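Read the structure below first, then the notes.
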Amino acid sequence: MTAVLTAVRPRFVWRISVPGLIAVCAICAVIATTMPHPAHAFSDEELRNVTEKLNVKSATKKIKAIDAMAADGDPRVAPILNAMLEGNLFVRDSDEHVVIGAKKGKVWSHIDIVSGEIVGESSSKELSKIKVNNRLRGALRDALAALNLFSKDIVVRTAAVEQVMDARDPSMLPLLDRAIEREEDPTLLARMELAQATMALAAGETPKQRMAAIDVLASETTPQIRAVLSQFVASAEAEGYEPEVIAAAKGALKSVEGRLSMWQTLGDVYRGISLGSVLLLAAVGLAITFGVMGVINMAHGEMIMIGAYTTFVVQQVFASIFPSGSPWSLMIAVPAAFVVAGLVGIVIERCVIRFLYGRPLETLLATWGVSLVLQQAIRSLFGATNQQVMAPDFMSGALELSNGLVLTYNRLWIILFSLIVVGGIAIVLRYTAFGLQMRAVTQNRRMAGSVGIRTGYVDALTFGLGSGIAGIAGVALSQISNVSPNLGQTYIIDSFMVVVFGGVGNLWGTVLGAFSLGIVNKFLEPVAGAVLAKIFVLIALILFIQKRPKGLFALKGRAVEA
């Protein structure tokens, strides 16, 4: 005996025997039992009954009703709990039914909790609100997070997993187990299993269950897991858990703390390099002018400020003339800032500084006065308020590692940019005629002048080069801070510290000094705070120059040694 199944097109005929049909049904039954099932759902009557239990005065009974509603995973429960959390769940006085209220002017619409349809309207006097306190709000948020585990939106599910993990409520474990069976995204599935382990650690009834949870948690490296293990170790010792469980938990905690300490150290090093790159950009121009000319230029910070404001002006011009090219304005701002700040530096050298060579105190006072004039000029042109420079897309965002270390793209680009700038300066000093003349003047000014080098010309270009590099530093700093007339004052003291520590006039000493001071600062900040850390660094620098007055790398030359 056969059963004939005809396809859509009559010419195709499929013949299946009855035993074959039974076999197919058996296979389908096996597949159906092994496939993950969706969350259970209340019947309409059950949903009404469990919701009616919210109409009590006892907060404990309300929480039990909330847990019962969330545990079933019915998608109709979420709007009810959300309405209760927002204060829009009411009891209708006429028939004692629970409804969701939606206010329209002075009238409240009654929304049925089962069908979601409007079933009536009334004034607020005919409705009694189901009251919620802080304890109930916490329970409602946890329940909604558990229900969101079944959302179709992966972003909602991810947020729900994080909330469930923070709550660590063992009552959510059955719901989380069902969500794990349905989850298809591997990254989110791993996060769910981690949340499952945190709950199983607290709810485990046997040493085997606790050991399995500890094994899962031991492979993670986050402060959250460290807190979970630390709390479990304390409670396990207090409650007299099995020695092997306590030993395993302590071992896992030690392992997690060790890895966290390593990542913390790497994070401090990165932040120190990031700070060092900023100090390097701010100080490398000063190293050139201070080293070659011996000029204490207190207006160096204002060259940084001029570079930052040049970046702002270039971006505004691009935004008004060529809006689609605004992301590329930063590329134009780099040479523009170099030229503008360099020209200002040459004007200062020709008009002020060249008359004060050999008189360091007068030079310091004169350049300090110039810095005040430049600050006031900027205030008159742009105002005293901060100006914001928009970062291009490639400098926005961050690279977040799984262990909590965040590498912001703007800082990464500044580190790379600072190294490129230093490399360019090294090439200029080493392989150009101007660089050769600059090094000659640095080592022996009189001898350089006697062989035909125009020392005044070299001084002007050197001051312009140092000021131009400070302008480039302003371009970089505009990406990590607001542009203001006081921008340069933030970095002038640090710049002098870097130059003195590395060695006056030595480029590689400036590089090493900037990164060293940056890293030391970031290692001290968690212990002593930002202000005390800078004070300790300054004290250490004072003690250091007592032993090595010329810095890490002293200049060589007969004039210097004399």
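Every residue gets a Cβ built from N, Cα and C, even glycine.
When the ranges 196-220, 496-520 are checked against TrEMBL, the one recorded as transmembrane segment is 496-520. Sequence-distant contacts of the transmembrane segment (527-545) (same chain, at least 6 residues past either end, Cβ-Cβ under 8 Å): 497, 500-501, 517, 520-521, 551. Remote same-chain partners of the transmembrane segment (412-436), defined as residues 6 or more beyond its termini with a Cβ less than 8 Å from a stretch Cβ, comprise 273-274, 277-278, 280-281, 284, 288, 394-395, 399, 458, 461, 465, 469, 472, 476, 479-480, 507, 511. Counting Cβ pairs closer than 8 Å to the transmembrane segment (303-322), the top stretch among 275-296, 360-378, 457-476 is 457-476. Sequence-distant neighbours of the transmembrane segment (457-476) (same chain, 6+ residues past either end, Cβ-Cβ under 8 Å): 278, 281-282, 284-289, 292-293, 295, 297, 300-301, 303-311, 330, 333-334, 337-346, 348-350, 353-354, 357, 414, 417-418, 421, 425, 428, 434, 437-438, 441, 448, 487-488, 491. Proximity of distant same-chain residues to the transmembrane segment (275-296), defined by a Cβ-Cβ separation under 8 Å and at least 6 residues beyond the stretch ends, is recorded for 303-304, 353, 357, 360, 363-364, 367, 411, 414-415, 417-419, 421-422, 425, 438, 441-442, 458-459, 462-463, 465-470, 472-473, 476-477, 480, 491, 494-496, 498-499, 502, 504-507, 509-511, 513-519, 521-522, 555.
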